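Asker: One structure is given below, represented as structure tokens, and several questions about it will come after.
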Amino acid sequence: MQLLEERILTDGNILGENILKVDNFLTHQVDYRLMKAIGKVFAQKYAEAGITKVVTIEASGIAPAVYAAEAMDVPMIFAKKHKNITMTEGILTAEVYSFTKQVMSTVSIAGKFLSKEDKVLIIDDFLANGQAAKGLIEIIGQAGAQVVGVGIVIEKSFQDGRRLIEDMGIEVTSLARIKNFENGNLNFLEADA
């Protein structure tokens, strides 16, 4: 997605050898116009897939996921990273390792929001090692629902996340694919949409 790649080049900051900071438009402050455009691209890509739910993980996946859900006219569910006293029955959980925060979290979704009839599109802000998506796939599987695809805003293609998900037989659609970071710059691969 050219608009997204341009925004990454303009407002993204490279930290160290493999971290891209995009807090100016995605991970802290949100550019809703860009998120709306991202949502439309995912909706167009999966228009014929019969998606019934969009699922993400809190927090930075929420903005692109809600706009994708709006464009598809389906509900959006976000997995919670912290225990909630109001979530007491029928909780679906998975352990997820965060590459950025370098911590293990138990993420959860109330089972009443997913059923075996659901066809789910997972949306997330980043794909690095694939652990967040893998955890969501596990939770969705516990409900008996089908994961139709994983939509990613920014993929770090030099890490193993895509291969992990595709080896599970699930399609990955990334709107910006980073080939590498080199001398303080980043290089893109061709995006999926």
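Just so you know, glycine gets a Cβ as well, placed from its N, Cα and C.
According to Swiss-Prot, the protein carries these features:
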type	residues	note
BINDING	Leu20, Thr27, Lys156	xanthine binding site
BINDING	Ala128, Asn129, Gly130, Gln131, Ala132	5-phospho-alpha-D-ribose 1-diphosphate binding site
Asker: Checking the binding-site residues Ala128, Asn129, Gln131, Ala132, which are within 10 Å of Leu20 (xanthine binding site) at the Cα level?
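Answerer: The binding-site residues passing the 10 Å Cα test: none.
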Asker: At the Cα level, what's the spacing in Å between Thr27 (xanthine binding site) and Ala128 (5-phospho-alpha-D-ribose 1-diphosphate binding site), rounded?
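Answerer: Computed Cα spacing between Thr27 (xanthine binding site) and Ala128 (5-phospho-alpha-D-ribose 1-diphosphate binding site) is 15 Å.
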Asker: Rounding to the nearest whole angstrom, report the longest C-alpha distance spanning Leu20, Thr27, Lys156, listed for xanthine.
Answerer: 16
Asker: Relative to the Cβ position of Ala128 (5-phospho-alpha-D-ribose 1-diphosphate binding site), how many further Cβ atoms are located within 10 Å?
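Answerer: If we count other Cβ atoms within 10 Å of Ala128 (5-phospho-alpha-D-ribose 1-diphosphate binding site), we arrive at 25.
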Asker: Can you list the residues of the same chain, besides Ala128, Asn129, Gly130, Gln131, Ala132, whose Cβ falls within 8 Å of the 5-phospho-alpha-D-ribose 1-diphosphate site's Cβ centroid?
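Answerer: After dropping the recorded site residues, what remains is Tyr97, Phe99, Leu127, Ala133, Lys134, Gln159, Gly161, Leu164.
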Asker: Given the binding-site residues Ala128, Asn129, Gly130, Ala132, find the one whose Cα is closest in space to the Cα of Lys156 (xanthine binding site).
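Answerer: Given the candidates Ala128, Asn129, Gly130, Ala132, the nearest one is Ala128.
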Asker: Using other CB atoms within 10 angstroms as the count, which residue among the binding-site residues Thr27, Asn129, Gln131 scores least?
Answerer: Asn129
Asker: Which of Leu20, Ala132 has the fewest nearby Cβ atoms, counting only those within 10 Å, among these binding-site residues?
Answerer: Leu20
Asker: If you draw a 10 Å sphere on the Cβ of Gly130 (5-phospho-alpha-D-ribose 1-diphosphate binding site), how many other Cβ atoms land inside?
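Answerer: So the Cβ neighbour count for Gly130 (5-phospho-alpha-D-ribose 1-diphosphate binding site) comes to 25.
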Asker: Using all protein chains in view, find how many other C-beta atoms are within 10 Å of the C-beta of Lys156 (xanthine binding site).
Answerer: 25
